[in-house]
């Protein structure tokens with residue numbers, strides 16, 4: 001069944017087709033079938049929040065955050081597959097590729113397609129694309145996308161005036177040909193990243209704010225990102241090394257900053273030989289339509305940096321950057337820089353390309369990145385470069401390359417201020433390491449090992465991964481020690497009483513939820529683990545909900561910060577989960593009691609609630625409602 005039929009229904013599809021045939025020019029029905037590579041990208045931006053209270057007011061409003069995160073959009077693009085040049089050893093677009101470089105879905109539609117077909121960045125597909133001639137009303141489409149996303153996740157996507165990218169081609173069908181392998185989950189061997197940072201220069205557009213700032217030099221960016229005496233404490237190397245316990249390396253030998261990289265403001269890519277097509281010139285001057293097909297008899301793709309920020313412009317940036325880097329190698333291949341750069345360019349496993357764009361570029365977002373990285377290269381873009389938050393923004397986008405989703409709290413997409421994937425606005429120059437679910441997701445951390453096991457061992461952490469099977473004889477497990485997250489990598493307790501066991505394929509009750517309990521300490525050492533954590537979460541046990549697993553092909557799960565204590569929302573040292581109805585011995589609730597906290601650990605008791613609200617079984621010798629009282633000791637039984 002085609003994607004169009006799935007989305008709109010057979011009757012609607014036939015009606016739309018009939019209307020198109022009646023009214024559209026001949027080229028509106030042009031279809032392209034070929035082999036392409038899929039990329040899912042995530043964007044966010046900063047905005048100024050509204051005043052704390054509207055004017056006029058006699059006293060100034062209270063101090064507030066100067067900027068807040070805004071969700072921008074998720075975008076699904078089809079690009080040419082990457083291959084390796086047999087002469088140079090560099091990655092390149094497959095010269096046999098005949099698919100356009102195009103956005104095919106945005107917003108909720110992009111997520112739906114990705115999740116339904118389990119698409120990972122770098123997957124190679126056989127696709128049939130139909131050119132889109134008339135874009136939908138962008139404000140209506142954006143509203144529908146926001147509504148669908150809110151319904152799917154339960155989170156509020158803060159309103160934004162930015163339009164969703166308009167798909168340039170409609171995805172009619174797809175079939176997976178080659179799936180990329182998972183590469184971003186730690187499996188016992190440190191991941192040594194190769195990274196090139198490109199400082200981009202769009203001064204050819206002759207517009208203010210489109211040149212690379214004179215103060216933004218390769219030397220400055222290198223100093224900002226690598227460990228050194230003059231580096232900010234949240235430099236990228238320190239971020240990766242500290243938060244991953246050195247499981248991910250940002251080695252100076254595999255890192256370079258290049259630029260400024262000049263890019264022609266307007267240009268095009270010569271098409272390969274193919275049957276003639278009706279002409280489709282670039283839009284007229286002043287046109288607001290940014291995303292009609294860029295393919296015609298003159299160009300296989302064209303771009304205009306002064307007006308647009310589509311897949312075509314992004315590919316123009318990347319082509320110019322790669323050509324710039326390769327030219328440096330060609331000029332002096334035997335120099336230390338030439339050899340180092342050539343080695344990075346020829347690396348075939350998840351090379352990171354970070355693009356620092358001029359602040360005036362025609363993009364609505366502040367940061368934009370590939371979500372997951374399995375192809376030879378993956379990209380992260382930042383618009384502008386601020387000494388205040390540049391490293392936080394870049395780390396956020398870099399962790400999208402790792403496959404991490406946003407860290408939320410309740411209905412707020414970026415509401416978790418304990419994770420760089422959430423609200424990092426108050427982290428300043430400190431490190432804000434990922435929360436427990438995200439640390440587990442990429443293999444940087446795991447549940448606690450059995451007492452007595454030394455830190456940083458290969459033990460799996462299965463001892464602290466609790467299911468219904470752990471509570472069969474006694475509902476209480478007392479005296480569990482949760483180490484501070486920065487002290488060792490087995491540092492969380494995971495509880496899912498709706499699961500029979502942790503075994504693959506084990507029975508689970510409908511609605512089963514895993515809860516992650518972790519302990520965070522604000523590090524007062526500059527550049528130390530969690531040195532960017534706010535005092536709100538210092539010496540706190542955090543409770544997150546997360547049902548994801550360690551797989552890059554399991555989509556749709558985001559961590560959700562529920563509460564933190566000892567002083568939980570219950571105004572006590574106790575947190576209680578919602579109750580899940582019993583089914584085949586699975587389900588119930590979870591109660592967490594914080595007994596003590598220190599500078600290095602928290603001690604907690606955990607109980608499985610089998611009777612909701614009050615004790616009903618008064619002669620079984622079990623504290624079924626987890627109030628600490630059994631049978632006749634419980635007032636419920638008196």
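Cβ atoms are placed via backbone N, Cα and C, with glycine included.
Residues or ranges marked as active site by Swiss-Prot: 397. Classification of residue 397 (active site) by DSSP places it within a helix.
If you take the C-beta of residue 396 (Zn(2+) binding site) and look for same-chain residues 6 or more apart in sequence within under 8 angstroms, you find 44, 367, 420, 421, 424. Feature annotation from Swiss-Prot assigns Zn(2+) binding site to 97, 396, 400, 406.
The annotation compositional bias 'Pro residues' is assigned in Swiss-Prot to 270-284.
Marked as N-linked glycosylation site by Swiss-Prot: 30 (among others). DSSP gives residue 30 (N-linked glycosylation site) a coil state; it is part of no helix or strand.
Taken from Swiss-Prot, the feature N-linked glycosylation site covers 126 (among others). In the three-state DSSP classification, residue 126 (N-linked glycosylation site) falls within a strand.
The feature N-linked glycosylation site is assigned by Swiss-Prot to 296 (among others).
Among the features that Swiss-Prot reports, N-linked glycosylation site is placed at 458 (among others). Taken residue by residue with DSSP, residue 458 (N-linked glycosylation site) is part of neither helix nor strand, so it is coil.
Here Swiss-Prot flags 465 (among others) as N-linked glycosylation site, drawing on sequence analysis. Taken residue by residue with DSSP, residue 465 (N-linked glycosylation site) is part of a strand.
Annotation source Swiss-Prot lists N-linked glycosylation site at 470 (among others), citing sequence analysis. Reduced to three states, the DSSP call for residue 470 (N-linked glycosylation site) is helix.
According to Swiss-Prot, the N-linked glycosylation site annotation covers 523 (among others). Here residue 523 (N-linked glycosylation site) comes close to 430, 431, 486, 529, 530, 531, 533: these same-chain residues lie at least six apart in sequence, with C-beta atoms under 8 angstroms from its C-beta.
Annotation source Swiss-Prot lists region 'Disordered' at 269-292.
What Swiss-Prot records for 95-102 is motif 'Cysteine switch', and it gives similarity to another entry as the kind of evidence. Using a Cβ-Cβ cut-off under 8 Å and counting only residues 6 or more beyond its ends in the same chain, the motif 'Cysteine switch' (95-102) has close neighbours at 32, 34-36, 77-81, 83, 127, 129, 167-169, 272, 274, 293-295, 300-301, 311-312, 315.
According to Swiss-Prot, the feature signal peptide maps to 1-28.
Note: residue 458 (N-linked glycosylation site) has non-local neighbours 188, i.e. same-chain residues 6+ apart with C-beta under 8 A of its own C-beta. Among the recorded positions listed (30, 97, 126, 406), 406 has its Cα nearest to the Cα of residue 397 (active site).
With respect to residue 126 (N-linked glycosylation site), the closest of these recorded positions in Cα terms is 30, chosen from 30, 400, 406, 465, 470. For the motif 'Cysteine switch' (95-102), DSSP puts the residue distribution at 0 helix, 1 strand, 7 coil. Most other Cβ atoms within 10 A: among the glycosylation sites 30, 126, 465, 470, that distinction falls to 465. The closest partner of residue 97 (Zn(2+) binding site) among the glycosylation sites, by CA position, is 30; the full candidate set was 30, 465, 470. Checking each of the recorded positions 400, 406, 465, 470 against residue 30 (N-linked glycosylation site) by C-alpha distance, the shortest gap belongs to 400.
A distance of 31 Å separates the Cα atom of residue 470 (N-linked glycosylation site) from that of residue 406 (Zn(2+) binding site). Cα spacing between residue 465 (N-linked glycosylation site) and residue 406 (Zn(2+) binding site): 24 Å, rounded to the nearest whole number.
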